[in-house]
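Down below is the structure, laid out as structure tokens.
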Number of protein chains: 2
Amino acid sequence: MDRQALHDYTLTIIKEAGERIRKSFFETMYIETKSDANDLVTNIDKETEAFIVKKIHAYDESFRILGEEGMAEEEISSLEGVVWMVDPIDGTMNFVRQRRNFAISIAIYVDGVGQAGYIYDVVADELYFALKGQGAYMNGQRLSPLEALPLNEAIVGINAVWATPNPRVEHEGIIKLIHTLRGTRSLGSATLEIVAVATGRMDAYLSFRLSPWDIAAGIIIAQEVGAVSSTLDLNAVNLLNQDTFIVANPSIHKELVGDYITLK
Amino acid sequence: MDRQALHDYTLTIIKEAGERIRKSFFETMYIETKSDANDLVTNIDKETEAFIVKKIHAYDESFRILGEEGMAEEEISSLEGVVWMVDPIDGTMNFVRQRRNFAISIAIYVDGVGQAGYIYDVVADELYFALKGQGAYMNGQRLSPLEALPLNEAIVGINAVWATPNPRVEHEGIIKLIHTLRGTRSLGSATLEIVAVATGRMDAYLSFRLSPWDIAAGIIIAQEVGAVSSTLDLNAVNLLNQDTFIVANPSIHKELVGDYITLK
């Protein structure tokens, strides 16, 4: 596998996919719901994933692909060999309602180790990527390593729903956390909240139900600036199933999870 | 007062102020705290307000100006005559930490009635404005009137802290609201959340402690697309003191406030 060639190829795929999404703004969009009324998918999600899958397989038919919309028609039950993780539109609600604040996410794993991660904020035209061990970049500019800070100066991405009674986490701990932090934000796109941590715009992002394609690229980018990713019971991130997730500045990761998060 | 000339002049002021802020990214920033550790002000906030005040007074020395940083050195206790409301950097925390997601806000009121509102998202280079009765615009493109929708399809801007025990609102109602809505967002800039409502990216934005300069321009812009603004006890917005605030799609305004908001 010629890694540089594959990297260049992936950059062209993600940019072309973004250009197709921008053009779709002038076409009629068809919206369906998935697991519940708030879980949307559009024809553009599906067409974009199909486009990306076709391009990946044009490079090498043997590459396995785990995609949010299942366009690769594969079951992925292990991370052996080369596995691509694709989210054609992360933040579909923002895509539908705002026509901004969504991103394409593509990651390449080899035997379970992230080798390359790409996140493209299509409307802002901001392309983030990282190659393992070679730093993270935004539009060609290298991202700086994160600087330590205390938890009471941190800005954390968290959805307000986790501060309310819910089946996944003791919300009293989240309330205590919110009162400790300098502030919270919620953007409605996991990938863009992960790159917000990687660029130091936020200091952590956590969620209690994310899928592998939501985090696969982001954690590779985040790792290159020193951010730490884990589940919220401090295990390695789960790249085969939906699970809890946090990415954080290393100076606050353990304190945030240990002192404020009690999973149910 | 030649309104068109004043409008053209204000556009040049706000764009030049934005350019000065962009240039400040390359200079050293000095940060102080105001009322509490989370209430920041920088030399750039002060310099930007001083610049705007000087420009307004160069046009007409008699204009009264209410500015967040008090650079006009005036007490404003009534809205008689011409009153300008200026927030040089709304979202100072975002300005300091993110170098994005903040805005300049300028409004012109005559005898308490909003005549012109300007909000400039400096880094995105998106300039929103409205002249009373003449529609609202973003970078020259007219914004569409808002379309009705049910509350359970609404996206609402609200800070997670209001879903936790706090001195201003019964948080149980906020929890019920969060579970009713399609989703929440939190951007960390009141002006940008108000223009998100005006552009239909969000359907309401509410807060329990905003100052006149946070909302003065936004409510003029929002009104031109049909959005409704009020305090959270359904009185007219307060342009002389800090107060509660909501701006909303008219189809959900009364239901949201009436069924979910109980002020303390």
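Indices start at 1 and increase along the chain as displayed.
Cβ coordinates are placed from backbone N, Cα and C, and glycine is handled just like the others.
Computed from a predicted structure; not experimentally measured.
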(request) Look at the Mg(2+) 1 binding annotation in TrEMBL, where B:GLU68, B:ASP87, B:ILE89 are given, and name the residue from B:ASP2, B:ASP203, B:ASP214 listed for that site too. (result) B:ASP214
(request) For the recorded Mg(2+) 1 site, enumerate neighbouring residues of the same chain (Cβ within 8 Å of the Cβ centroid of B:GLU68, B:ASP87, B:ILE89, B:ASP214, site residues themselves excluded), in sequence order. (result) B:ASP45, B:VAL86, B:PRO88, B:ASP90, B:THR92, B:SER105, B:THR191, B:SER211, B:TRP213
(message) What's the number of neighbouring CB atoms sitting within 10 A of the CB on B:ASP87 (Mg(2+) 1 binding site)?
(response) 33
(request) Please work out which residue of B:GLU68, B:ASP90, B:ASP214 has the most C-beta neighbours within 10 angstroms of its C-beta, and give that one of the binding-site residues. (result) B:ASP90
